[in-house]
Amino acid sequence: MTGIVIEGVTRTFGTVRAVDGVNLTVGEGEFFTLLGPSGCGKTTLLRMIAGFCELDEGQIRFGTKRIDTLPAHTRDIGMVFQNYAVFPNLTVAGNVAYGLKARKVTAAEVARRVEEALSLVQLGGYGERWPHQLSGGQLQRVAIARALVIRPQVLLFDEPLSNLDARLRVSMRAEIRELQKSLGITAIYVTHDQEEAMSVSDRIALMQSGRLEQVGAPAEIYRQPASRFAAEFMGTTNLLEPKALGLSGAGRVSLRPEALRLDAEAPAGWPRLSGTVAHVEILGPITRFDVRLADGSVIRVASLDEPHRTLATGAQVTLAYDPARVTVLA
Amino acid sequence: MTLTIPHQQRLPLAIAALGFLFLGLFLLYPLFNVFGASVLDGDGEKFTFANYVKILGRPFYRGAVANTLMIGVAATITTIVISVPFAFALARLPVPGKAAIVALAAMPLVLPSFVSAYAIVLLLGRAGVVTQWLNSWGIGFGSIYGAGGIVLVYTLTLYPYVLLPTMAGFKAVDVSIEEAAQSLGSSPRRTLWTVTLPIVVPSILAGGLLVFIETLENFGVPFVLAEDMPIFAVEAFKLFVGETAPNPSSAGVLGVLLILMTSLVLLIQRRFLANRRFATGARSAPPILKVGPGLRIAATVYCWSVVLLALVPFFAIVVLSFMEFRGPVLHPNFSTANFTALFERSTRPLLNTLMFATLAAIGVTLIGVPIAYVVTRLRSGLAAVLDVIATLPFAVAGTVLAIGFVVSFNSGWLILTGGPFIMVLAYTVRKIPFAVRSSSGILHQIDPSLEEASISLGRSPLQTFARILVPLMLGGIMSGFVLTWVTIASELSATVVLYSGQWRTLTVVMFQALEGGGGGIATAAASTLIVVTLVPIALLYRLIRRYELAA
């Protein structure tokens, strides 16, 4: 169990600065997520920690021990890959035992820990199966057991759920989070899916073009995005000129769709806006609709389903918004 | 840290360094010496282009260039004409026994082509069995010596080079593309000509170029069939053997010209074909077409005829080897005298063949697989250079490489001539491109994250190579080993230059028997060679089948 310190880490591929002067400190036992669009440098940063990618500048430490100069196989890391990377020439037990054998653990101890790790990921009794007999979800469990069983200092997840179907993704991410917390191993998790990131993480580092855009707890980044990019990447939002809301100042403000309500459903103290309904989508639990304001700008609204509400395209409506949820962007 | 080489690149770089060392010493250095020989005078002292002027000034050698190219083009055309309908029938028509046809069609690739040529002589030559039988009925036909016979043998032995990739090409055509054409109003026949065939053309041409290069480099077939017609690889050999000056300048000139021709063809292939792959991403093979009984019977007869016709010469050799020969003349009596004569003198040639093939196949595997690893895994210009150099032997005729070996290792600090290792090394170098190609094909299908997973679990890159990659590649490595072994066992063009004294192989025995007119020993050596070739292939098939059944 160790914290991770990343200091001034930079890597250039040709003319592209894949990772550009990143500084981060990940606490002991923390579940930390690198989030961002493809090409933002999150995978490169993860592979630097794992030892599969060289640093041009900077250093990485586990606790006080510098590890970026060590060969990958001596770093004591458990890594879970996007495509599982389960060895097809070994059984499930053989896969899980692989790292233990590399560490010269005795045979009896290997057998005991393999079975323990398999039951931890709910694959008890699957040891003799071959990888080609398992489903995608089971393969990913094998990969997780294989990474956990060596009791690594650090767990690394490289988009581990993106090859699974949507339903399995949701249940697996909860499981991963639970395992990590119960074992208390520091984890770094890479994903491009903001919902996944928010559901599993203690803290998130949002990345763009090799730089850290914002670091913070999931709700903090969602509610107080530091930039237009952060506001938009973390979820649907309205980016408005301040004067559209009757505010002064330059730049843009962000107002999430759920911070807006219809006049009749809103507290009295909220400011009002009026416009015409341009588009309505009833998605089940949530109704989304667009309202065109007098100045021509379109504002997106999301509210919980309400059986007695009727919204028709072209209707005149008055909206109210929560002034506390207006974020002024730099 | 004293080394600034990143950890994960140390293993590939170390392998690359060893690869460059080996190929530099046993490929580039001999080739450089061939080039050197061609631009130095007879005593090897003065720089001159006079050798080129001398050789190219003679109509005989200009004729050799023209003949070689003409035969190559003709054989390429005939193989394509025969193979494309064949491939289409296998991929899309209801032909019974397809698995057997494909297995039999691959056989000529591993059987020695000069044996086929010799069989053609025994059957259709002046004193041939079929010729005499036809003559007794008063029927005659043109001579099979010269260009016609050579093209015939090339067609029968090289057609799989076009057939196999073309068949794969036809199978890779996504059926929805044909359906799209037909929904746009194109008839099935027009769709075939305007959609399906153009997609397959790159595969056809790639196979055709392989045929062309094979014909340029082939020594055995023209040696048996050309008679007075000058052919490049044969003339290079004759010049080299006949040259008395210390510097083999004339042979060097022919060698350089031959390398230039094959390299040019390879360059054309890289330049024009490499980017013309029409991958259509077929999820499953296109359906077998519904055709009338007439076409179905015609296709079946055609496929089986081609496959069997190509194997008739080999079958004939085995039969003829059990007949009585008096000198070159055949008598239709059963006899094992040929084999007695072959092995009574010595079993050394057979043992040499087995030993050289085994040693060289081990060498090819030990060098080719790691080079393939570097070529597929190391992203650097160095890997690309290594790839090109490791492909180079493909463009070098065996005769030319062997001449380079003799010139390079005849004196100085490393003397190999006269011993067995010069042959083993020459075979190893010749077959490395095939090992690199087939191994990198397998490696491309192995996800690099498997290696990263192993390394992150605590295995060093070298241990990862041995524990993960080698087991995953094992099936492919073994098939490659057997195919390499088999083709080395029947190698002729480098062997005839390099063999000496007690290190004769079966191919040399056959070669000498042909020169001396000892038909009996030649057929016995040829059928022994066929057995030596087929037994490992049969074992490999069985092993693969058992492996597939177990999995």
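Note that Cβ sites are derived from N, Cα and C of the backbone, with glycine treated the same way.
According to TrEMBL, the domain 'ABC transmembrane type-1' annotation covers B:65-269 (among others).
TrEMBL lists B:350-540 (among others) with the feature domain 'ABC transmembrane type-1'.
Annotated transmembrane segment per TrEMBL: B:12-32 (among others), in sequence order.
Per TrEMBL, transmembrane segment is recorded for B:69-90 (among others). Cβ atoms under 8 Å from those of the transmembrane segment (B:69-90) belong to residues 98, 101-102, 147, 150-151, 154-155, 158-163, 166-167, 169-170, 200, 204, 207-209, 211-212, 215-216, 222, 231, 261, 299, 302-303, 306 of the same chain, restricted to positions at least 6 beyond its ends.
Feature annotation from TrEMBL assigns transmembrane segment to B:102-124 (among others). Within the chain carrying the transmembrane segment (B:102-124), a Cβ under 8 angstroms from the stretch's Cβ atoms is held by residues 90, 130-131, 141, 144, 149-150, 152-154, 156-161, 163-164, 167, 218-221, 223-225, 306-308, 310-314, 316-317, 320, 330, 483, 486-487, 490, 492, 507, 510, 514, 519, 522-523, 526, 529-530, 533-534, 537, 541, all 6 or more beyond its ends.
Positions annotated as transmembrane segment by TrEMBL: B:144-164 (among others).
TrEMBL lists B:192-213 (among others) with the feature transmembrane segment. Beyond its flanks by at least six residues, the transmembrane segment (B:192-213) meets 72-73, 75-76, 79-80, 83-84, 87, 154, 158-159, 161-166, 168-170, 173, 177-178, 181, 186, 262, 265-266, 268-269, 273, 276-278, 280, 394-395 of its own chain at Cβ-Cβ distances under 8 Å.
Positions annotated as transmembrane segment by TrEMBL: B:249-268 (among others).
Proximity of distant same-chain residues to the transmembrane segment (B:299-323), defined by a Cβ-Cβ separation under 8 Å and at least 6 residues beyond the stretch ends, is recorded for 82, 85-86, 89-90, 93-97, 101, 104-105, 107-108, 111, 115-116, 118-120, 122-123, 129, 153, 156-157, 159, 291, 330-336, 338-339, 520, 523-524, 526-527, 530. Summarising the annotation, TrEMBL assigns transmembrane segment to B:299-323 (among others).
Among the features that TrEMBL reports, transmembrane segment is placed at B:354-375 (among others).
Sequence-distant contacts of the transmembrane segment (B:382-406), counting only residues of its own chain at least 6 positions beyond either end whose CB sits under 8 Å from a CB of the stretch, comprise 12-13, 16, 19-20, 23, 26-31, 33-34, 37, 213, 216-217, 219, 233, 236-237, 240, 248, 251-252, 255, 258-259, 262-263, 266, 368, 371, 374-375, 416-417, 422, 425-426, 429-433, 436-437, 491-498. Here TrEMBL flags B:382-406 (among others) as transmembrane segment.
Residues or ranges marked as transmembrane segment in TrEMBL: B:412-429 (among others).
According to TrEMBL, the transmembrane segment annotation covers B:468-499 (among others). Within its own chain, the transmembrane segment (B:468-499) is flanked in space by residues 110-112, 114-115, 217-220, 233, 237, 240-241, 353-354, 356-358, 360-362, 364-365, 368-369, 373, 397-399, 401-403, 405-406, 417, 422-423, 426-427, 430-431, 434-435, 438-439, 441-443, 446, 450-451, 454, 459, 505-508, 511, 529, 532-533, 536-537, 539-540, 543-544, 547, which lie at least six positions past its ends and keep a Cβ under 8 Å from the stretch.
Summarising the annotation, TrEMBL assigns transmembrane segment to B:519-541 (among others). Remote same-chain residues near the transmembrane segment (B:519-541) are listed as 103, 107, 110-112, 115, 118-119, 122, 314, 317-318, 320-321, 324-325, 327-330, 337-339, 341-342, 349-350, 353-354, 478-479, 482, 485-486, 489-490, 506-507, 509-510, 513 (criterion: CB distance under 8 Å, separation of at least six residues from the stretch ends).
Within the same chain, residues 5, 259, 367, 370-371, 373-374, 377-378, 382-383, 386, 389-390, 392-393, 396, 400-401, 404-405, 407-409, 425-426, 428-429, 432 sit at least 6 positions outside the transmembrane segment (B:12-32) and bring their C-beta atoms closer than 8 Å to a C-beta of that stretch.
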